[in-house]
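If you look up TrEMBL, you'll see Asp204 marked as active site, proton donor/acceptor. TrEMBL lists Glu18, Asn154, Asp204 with the feature divalent metal cation binding site. What TrEMBL records for Arg101, Asn103, Glu121 is substrate binding site. According to TrEMBL, the domain 'SMP-30/Gluconolactonase/LRE-like region' annotation covers 16-264.
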Amino acid sequence: MSSVRIECVAKEGCRIGESPVWDEKEGALLFVDITGRKVCRWSPGTRQAQAIAVDAPVSSVALRKSGDYVITLGTRFAALKWKEELVTTITQVDKDKANTRFNDGKVDPAGRYFAGTMAEEIRPAVLERHQGSLYTLFPDLSVVKHFDQVDISNGLDWSLDHRTFFYIDSLSYSVDAFDYDLQTGKIGNRRSIYKLEKEESIPDGMCIDTEGKLWVACYDGGRVIRLDPETGKRLQTVKLPVDKTTSCCFGGKDYSEMFVTSATDGMDKEWLSRQPEAGGIFKITGLGVKGVPPYPFAG
């Protein structure tokens, strides 16, 4: 597809840019810088990003039905009031583990906030294995743990009929599917639907389009790939001018633009000089598909 255009819209130099989420009400893109410890909001109108500094690694951000946002901060689920720059803890997980933090998170179609943990990294993608878990924060603010023994809890999304939950544990190099019960939020029957090829490197953040196909950002692979979860086939590869692509979401007025976050952690001066847009936010247009608006946390 020759009409695909890639543009770096925000040269943020994020250490680990992650969790892009389109905020339709604000007409802006939310994202976080995990190790930079900030929650950001980029406006296409001003082409500027505002940032709120927080006191721990912040790994995901989500809309909240009652207004403002929820975030995963260290090992806490927390609420963020944007104007007041106020963060309040909702609840904490992994209390028995001193060395973990949350990673990617996303809200399901019923308004539950799913997010998983991982061990703190020694350097990018190098960490103590099997320390993470996958959790859900329910609208009544209770927390359920689905499973543990996770390496790097990462990309998540739901099928268009809400019967399948898609999930990535990065170091398994696999995109997995679970049966999903929308009424209860329970998951089961885990299976792999796609194994990454060597040059695709590490699967990271993920989103779904209105045709039910998955888009996966490939960390150290410098690309996003489009997968058919039914056939397990890769349909499309879009290469970006940076290696450390971390996550993706659809946004813009009609959700036809894709936004991709990226990272600089682990890159030396020479590498950074070859990729001056590393850590930036990229906009991809001309994909010919649209995305699904994000669900807000119902609590």
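Note: Cβ is positioned from N, Cα and C throughout, glycine not excepted.
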Problem - Inter-residue C-alpha distance, Glu121 (substrate binding site) and Asp204 (active site, proton donor/acceptor) (nearest angstrom) - result: 15
Exercise for the section: Count the other Cβ atoms sitting within 10 Å of the Cβ of Glu121 (substrate binding site), across every protein chain shown. Expected result: 18
Practice task
Spatially speaking, which of the binding-site residues Glu18, Arg101, Asn103, Asn154 is closest to Asp204 (active site, proton donor/acceptor)? Use C-alpha to C-alpha, please.
Solution key: Asn154
Problem - Cβ neighbour count (within 10 Å, all chains shown) around Asp204 (active site, proton donor/acceptor) - result: 28
Practice task
Have a look at the binding-site residues (Asn103, Asn154) and report the one with the fewest Cβ neighbours inside 10 Å.
Solution key: Asn103
Exercise for the section: Fill in the CA-CA distance, Asn154 (divalent metal cation binding site) to Arg101 (substrate binding site), as an integer in Å. Expected result: 12
Exercise for the section: Calculate the per-residue pLDDT averaged over the domain 'SMP-30/Gluconolactonase/LRE-like region' (16-264) and state the result as an integer. Expected result: 97
